[in-house]
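K.L.:
First, the structure itself, so that you have it in front of you.
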Amino acid sequence: MAWKVSVDQDTCIGDAICASLCPDVFEMNDEGKAQPKVEIIEDEELYNCAKEAMESCPVSAITIEEA
């Protein structure tokens, strides 16, 4: 199974918890906002990591959906 990860740049407040929890999937861009390092995740471990980051985002800026 594969999942698509995205971050709503208008919603993101740059808390960086996603990049801290899941650095293989998320990074901070030059504007101080989170962005996915990879658009599609196929590894279940990375999915679980990204899901934890999504659930920890204080403004719900992260979306994960089946690809």
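Each Cβ is built from the backbone N, Cα and C atoms, and glycine gets one as well.
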K.L.:
Under Swiss-Prot's annotation, the disulfide partner of Cys22 is which of Cys49, Cys57?
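P.N.:
If we follow Swiss-Prot, the cysteine bonded to Cys22 turns out to be Cys49.
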K.L.:
Please identify, among the binding-site residues Asp15, Cys18, Cys57, the one with the smallest Cα-Cα distance to Cys49 (disulfide bond).
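P.N.:
Nearest in space to Cys49 (disulfide bond), counting only the binding-site residues, is Cys18.
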K.L.:
What Cα-Cα separation, expressed in whole Å, is found between Cys22 (disulfide bond) and Cys57 ([4Fe-4S] cluster binding site)?
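P.N.:
Cys22 (disulfide bond) and Cys57 ([4Fe-4S] cluster binding site) have their Cα atoms 12 Å apart.
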K.L.:
Looking only at Cβ atoms, how many others are within 10 Å of the one on Cys22 (disulfide bond)?
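P.N.:
Its Cβ shell of radius 10 Å holds 25 other Cβ atoms.
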K.L.:
Helix, strand, coil: count each for the residues of the domain '4Fe-4S ferredoxin-type 1' (3-31), based on DSSP.
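P.N.:
Going by DSSP assignments, the domain '4Fe-4S ferredoxin-type 1' (3-31) contains 5 helix, 8 strand, 16 coil.
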